[in-house]
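**Student:** So TrEMBL says this about it:
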type     : residues                                                                                                : note
ACT_SITE : His158                                                                                                  : active site, proton donor/acceptor
ACT_SITE : Lys162                                                                                                  : active site, proton donor
BINDING  : Gly11, Val12, Ser13, Gly14, Arg15, Met16, Glu37, Gly101, Thr102, Thr103, Ala125, Gly126, Asn127, Met128 : NAD(+) binding site
BINDING  : Arg38                                                                                                   : NADP(+) binding site
BINDING  : His159, Gly168, Thr169                                                                                  : (S)-2,3,4,5-tetrahydrodipicolinate binding site
DOMAIN   : 7-128                                                                                                   : domain 'Dihydrodipicolinate reductase N-terminal'
DOMAIN   : 131-267                                                                                                 : domain 'Dihydrodipicolinate reductase C-terminal'
Amino acid sequence: MSDLPGVVVTGVSGRMGRMLVQEIAASDKLRLAGAIERAGHDWVGRDLGLAMGGAETGVIVSDDADEAFAGAAVVIDFTAPEATIAFGALAAARGLVHVIGTTGFTDDQIAALEAASEGAVQIRAGNMSLGVNLLTVLTRKVAEALDADFDIEIVEAHHNRKVDAPSGTALMLGEAAAVGRGVALGDVSDRGRDGITGARTRGDIGFSAIRGGDIVGEHDVIFAGPGERVVLRHVASDRALFARGALKAAAWGLERPAGFYDMLDVLGLN
Ligand SMILES: NC(=O)C1=CN([C@@H]2O[C@H](COP(=O)(O)OP(=O)(O)OC[C@H]3O[C@@H](n4cnc5c(N)ncnc54)[C@H](OP(=O)(O)O)[C@@H]3O)[C@@H](O)[C@H]2O)C=CC1
Ligand SMILES: O=C(O)C1=N[C@H](C(=O)O)C[C@H](O)C1
């Protein structure tokens with residue numbers, strides 16, 4: 001076994017879980033130390049490589065996160081909010097690096113994660129790609145430069161299996177726009193119009209979500225003003241992008257003290 005820092009991948013059979021396994025196998029900085037699925041999943045107890053339809057890896061898929069975390073330095077977690085809260089507490093108890101890609105948290109769940117970040121190096125972002133994180137910086141700057149004569153609308157598109165809306169990325173972009181405007185997103189957010197909605201409220205930040213097919217992830221930030229429009233766009237065409245970002249965050253986190261970080265910290269964009 002190599003002496004590289006060990007990573008546990010949670011939700012390993014998921015779209016991102018599988019991507020992460022492939023990217024870790026190709027990494028010269030990290031090694032796969034464990035793979036977690038929920039109790040009752042038919043991969044539990046099987047060799048991960050064989051379960052994925054490839055060669056044996058020697059890593060057996062487990063439903064015991066605490067036991068798997070005992071042999072690791074890093075947890076990479078793209079699962080679901082309730083699962084991530086539970087993994088966050090376990091990661092904090094063991095002082096691990098917890099890279100969180102999961103989206104769709106409530107405010108209370110975010111508060112629980114923030115509490116857990118006192119014991120872990122917690123790196124959380126609704127999008128792990130360089131391009132989207134750069135887009136948040138550009139969005140903040142454009143929102144700073146344009147006044148409320150420019151209506152801000154965020155339009156996102158994802159595959160038909162996605163369960164949360166607006167996407168974590170859309171919320172990151174909305175937050176960046178609100179910071180640029182000097183307002184609280186919660187005060188100006190307009191999520192979901194239907195029926196006789198009345199005219200748009202000046203200063204609102206609107207969100208729209210498209211779900212269809214196998215769209216990996218697309219985000220537009222539209223600044224619609226009198227006689228002109230500025231559109232900032234990011235298109236992800238390969239999920240491996242997010243997995244590579246998560247591995248970068250993991251390696252970066254190994255050198256940091258416990259606390260909360262985001263991808264702007266990892267990428268040096270803060
Ligand atoms: N930050 C980023 O860059 C990105 C974030 N994401 C986010 O990552 C999350 C996962 O996305 P995706 O991979 O497409 O989703 P999937 O549904 O394909 O995968 C989620 C996996 O987590 C598993 N899981 C859920 N609950 C538990 C649990 N309690 N214990 C163990 N495993 C569990 C699921 O198992 P089961 O099927 O049995 O429920 C499934 O295998 C979403 O929130 C998505 O928005 C996605 C891409 C990029
Ligand atoms: O669920 C997805 O697929 C994605 N989720 C993230 C989000 O909610 O923004 C990131 C990416 O867009 C893909």
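Placement of Cβ uses the backbone N, Cα and C atoms for every residue, glycine included.
Could you give the neighbours, burial and distances for every feature on this list?
**Tutor:** Neighbours of His158 (active site, proton donor/acceptor), defined as other CB atoms within 10 A of its CB across all chains, total 25.
In the shown protein chains, 18 other C-beta atoms lie within 10 A of the C-beta of Lys162 (active site, proton donor).
Mapped onto three states, the DSSP output places Ala125 (NAD(+) binding site) in coil. Within 10 Å of the C-beta atom of Ala125 (NAD(+) binding site) sit 27 other C-beta atoms, taking all shown protein chains into account.
Packing around Arg38 (NADP(+) binding site) is summarised by its Cβ count: 15 other Cβ atoms lie within 10 angstroms of its Cβ, all protein chains included.
Around Gly168 ((S)-2,3,4,5-tetrahydrodipicolinate binding site), taking its Cβ as the centre, 20 other Cβ atoms fall within 10 Å, counting all chains.
When DSSP labels each residue, the domain 'Dihydrodipicolinate reductase C-terminal' (131-267) comes out as 52 helix, 39 strand, 46 coil, counted as helix, strand and coil in that order.
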**Student:** Arg38 (NADP(+) binding site): which of the recorded positions Gly11, Lys162, Thr169 have a C-alpha within 10 angstroms of it?
**Tutor:** Gly11
**Student:** If one looks at the chain holding Ser13 (NAD(+) binding site), which residues at least 6 apart in sequence have a CB under 8 angstroms from its CB?
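**Tutor:** Once residues fewer than 6 apart are set aside, Ser13 (NAD(+) binding site) is near Glu37, His41, Trp43, Ala51, Val61.
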**Student:** Any of the recorded positions Ser13, His158, His159, Thr169 with a C-beta atom under 6 A from ligand 1? Give them in order, or none.
**Tutor:** Ser13
**Student:** Do me a favour and check the Cα-Cα span between Gly11 (NAD(+) binding site) and Lys162 (active site, proton donor); whole Å is fine.
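**Tutor:** Per the Cα atoms, Gly11 (NAD(+) binding site) and Lys162 (active site, proton donor) stand 15 Å apart.
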**Student:** Under a threshold of 6 Å between Cβ and any atom of ligand 2, which of the recorded positions Ser13, Glu37, Ala125, Asn127, Lys162, Gly168 are retained?
**Tutor:** Asn127, Lys162, Gly168
